[in-house]
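Read through the structure below, which is laid out as structure tokens, and then see the notes.
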Amino acid sequence: MINRFSIEKVKGLEIIDSRGNPTIRVFVRTNDGVESFGDAPAGASKGTREAIEVRDENGLTVKRAVDIANYIIDPALHGIDVREQGIIDKILIDIDSTENKSKLGGNTIIATSIAALKTASKALGLEVFKYIAGPRLPKIPIPLLNIINGGLHAGNKLKIQEFIVLPIKFNTFKEAFFAAIEVYRNLKGLISERYGKIYTAVGDEGGFSPPLEETREALDLIYTSINNAGYQGKIYMGMDAAASDFYDPKKEKYIIDGKELNPNQLLEFYLDLAKEYPIVYLEDPFEENSFDMFGELQNKLNSTIVTGDDLYTTNIKYLKIGIEKRSTKGVIVKPNQVGTISETFEFTNLARRNSIKLVTSHRSGETEDNFIAEFAVGIESDFIKTGAPARGERTSKYNKLLEIENKFGLEYGGKYFYL
């Protein structure tokens, strides 16, 4: 039955992301004139099992994705109640009919799915996070700030993709976040002093990319910055290895720090680092099919949250394997990896039922939309990854979290987090 919540129009628009690459924004409007939008982010380091984007001209346009939104999705969703997220997403999945969303495009589908959710919350007069959370009162997640970039995110010789700080032992998100900013500023000063001011320019995610060659050089810089800022024992360290990117499948070796390491040698490498530094978070330490090696490392690093990103790609099929093998204590949550909000909810619900920590994440190619921050709060994610405290497409998410905490008085998850 047509009512004020019925979808009247779906419209696609080509915009750009934070790397200057084209992406798609989809608007969803109801019969009552309520409208919102969803943007499709894009990653630089991608798991092979992620939903496929529809792009043209070697990735230089998304005109076909826009046409799909305007001429296929628009009529398919016309008249559907915008509050029926499950029905909307099922229609998109059924029309696409591929396992990897390659017909309509994962980018087109996720932008539409996000737009529908945001429009529904707006039509009901609710904040997005409240619409997602329902009656429960969620907490603000702990931020994972990527402050030194390596791997595919940088032009230096570091193989580890992200070096992260986690401000945990604070009473509020604001206290935690601004403490992390102090560390970031200290790091900037150290880099300028040791390598020159030119290396304080920021990368895709707002982190620094000094001319480093080995993992310990980056960890030393961050550890020193934490101590200089006076937050030893309150701010911890983490890494996103993105190990698939430095794995040579022909040799079955990992090429890192000028060495070729087999999986067991790489495991010992991580164990040594965990003894030397306060590392409590380790993402994608092995290539994306190594469920057993993830599990072995997690078993030996019980106080560290080993986390799967490329391992799972926000896909329930692979999470079930990880649960069976006890591969990780944490999972990355990226809605665009799987393609719809409903599938993302299935993934996060299964993880929660198995006491696995949720790490909601941005992508390296982002827009200024702050949806992922509201989403992280709504699902009560334990952590949020959305870059360094720099660049507008990153700070928009942090500013939204500050606003939510201030306006609604939500408690900070780090206050109750035990290592």
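If you go along the chain as it appears here, the first residue is 1 and each next one adds 1.
Each residue, glycine too, has its Cβ placed from N, Cα and C.
Annotation comment: Swiss-Prot describes GLU205 as active site, proton donor, evidence class sequence analysis. Other C-beta atoms found within 10 angstroms of the C-beta of GLU205 (active site, proton donor) number 28, with every protein chain shown included. Mapped onto three states, the DSSP output places GLU205 (active site, proton donor) in coil.
According to DSSP, LYS334 (active site, proton acceptor) is assigned to coil rather than to any helix or strand. The Cβ of LYS334 (active site, proton acceptor) has 27 other Cβ atoms within 10 Å, all protein chains considered. What Swiss-Prot lists as active site, proton acceptor is LYS334, and the listing cites sequence analysis.
Listed in sequence order, the residues of the same chain lying 6 or more apart from ARG363 ((2R)-2-phosphoglycerate binding site) and placing their CB within less than 8 Å of its CB are PRO41, ALA42, GLY43, LYS334, ASN336. As annotated by Swiss-Prot, (2R)-2-phosphoglycerate binding site applies to GLN161, LYS334, ARG363, SER364, LYS385.
What Swiss-Prot records for ASP240, GLU283, ASP309 is Mg(2+) binding site. All chains included, 27 other C-beta atoms sit within 10 angstroms of the C-beta of ASP240 (Mg(2+) binding site).
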Check your understanding: Which of the three DSSP-derived classes (helix, strand, coil) applies to ASP309 (Mg(2+) binding site)?
Key -> coil
Study note, to complete from the structure: Candidates GLN161, SER364 (binding-site residues); min other-Cβ count within 10 Å returns SER364
